[in-house]
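Report on the structure given below.
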């Protein structure tokens, strides 16, 4: 657990100066680290998630799965990407070519931009803005426009139905998701993702928001799965009903963009759950214990470098545990009907999220120390 009063960037600089580097060189070495980490995490996250999807689905269906492209098939996602890259880019004769091309871009760009506010460590993020969570909700609201645009521009009835379903589903689940996040913001007194994690670093695992917001956690996770269009909520691209939904007429790299956006969004949602409810980079034990074991002061560079590195691994570990659960759900649960999907969002999750928000406000007034008063 990194103490909120300590600066990982400063500790890194001090550690580099201990090796004889000047402060300016240490600063230059630090600058690319947050951006590099985010880019690597997004790309590797997609590759690992696709590989996990293939292997877990094979295990559920008692198959071997990918095994020839690298050891245990780890290079299969790269092979899939190269295959889509070299395929012909086809635009249907009667499709609106401009909207047809713009649709996938509007779907994938907001997801990638959302990684700007994701913290992997105390200062390991690209943009620590004060309204980080608000920005993420705003970016995610752009996606339904791209999905509806893709379905409409394809000039295909299955694509149009898929686009309409995607837009309806996204709008239905964005509201309870935002209300669940608002309860966390209320307890943290901040919209910054860094502040939200720091608020969970008082007593190790017992400080995590999941214990104070179990209902909000379930609401957020269900809504996140619906936003990612994962089973049992993959109505927009239900193969048995709509061929491939809004993706029906797409091929090559345009289809790959939808594929990419889906998996980046899945990993992003898992990391956000880790940040909002599972303590983010926080380690389950207090940092003081590690400092005592190393016989170092709590603000020693070596202590902060170790806790920072472990914190990054903790964030990724928590996120991939949730990715594993999402993949397992896809291959073990049946798809719901569209009316059941909308009823769950509007008639159950939305009222439950409102009640959870009101209860959180009451608890904040009654127990200000425990609930961030």
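Heads up, the Cβ atoms here are built off N, Cα and C, so glycines get one too.
According to Swiss-Prot, the feature transmembrane segment maps to 28-48 (among others), an assignment based on sequence analysis.
Annotated transmembrane segment per Swiss-Prot: 98-118 (among others), in sequence order, evidence recorded as sequence analysis.
The annotation transmembrane segment is assigned in Swiss-Prot to 129-149 (among others) on the grounds of sequence analysis.
Counting residues 6+ beyond its ends, the transmembrane segment (167-187) has Cβ neighbours under 8 Å at 133, 137, 140-141, 143-145, 147-148, 196, 199, 209, 212-213, 216-217, 219-220, 222-224, 226-227, 229, 233, 235-236, 276-277, 341-342, 345-346, 349-350, 352-354, 356-357, 360-361, 364, 371-372 in the same chain. If you look up Swiss-Prot, you'll see 167-187 (among others) marked as transmembrane segment.
Per Swiss-Prot, transmembrane segment is recorded for 205-225 (among others). Through the fold, the transmembrane segment (205-225) approaches residues 173-174, 176-177, 179-181, 183-184, 187, 196, 199, 233, 269-270, 272-273, 276-279, 282, 284, 322, 326, 329, 344-345, 349, 352-353, 356, 360, 363, 370-371 of its own chain, all at least 6 residues removed from its boundaries and within a Cβ separation under 8 Å.
Residues annotated as transmembrane segment in Swiss-Prot, with sequence analysis given as evidence: 267-287 (among others).
Feature annotation from Swiss-Prot assigns transmembrane segment to 309-329 (among others); the stated evidence is sequence analysis. The list of residues near the transmembrane segment (309-329) in space but at least 6 beyond its ends in sequence, with Cβ under 8 angstroms from a Cβ of it, reads 1-2, 37, 41, 45, 48-49, 52-53, 56-57, 60, 119-122, 124, 221, 225, 228, 230-232, 266-267, 269-271, 273-275, 278-283.
Marked as transmembrane segment by Swiss-Prot on the basis of sequence analysis: 348-368 (among others). Panel annotation: around the transmembrane segment (348-368), residues 173, 175-176, 179-180, 182-183, 186-187, 212-213, 215-216, 219, 222-223 of the same chain, lying at least six beyond its termini, place a Cβ under 8 Å from a Cβ of the stretch.
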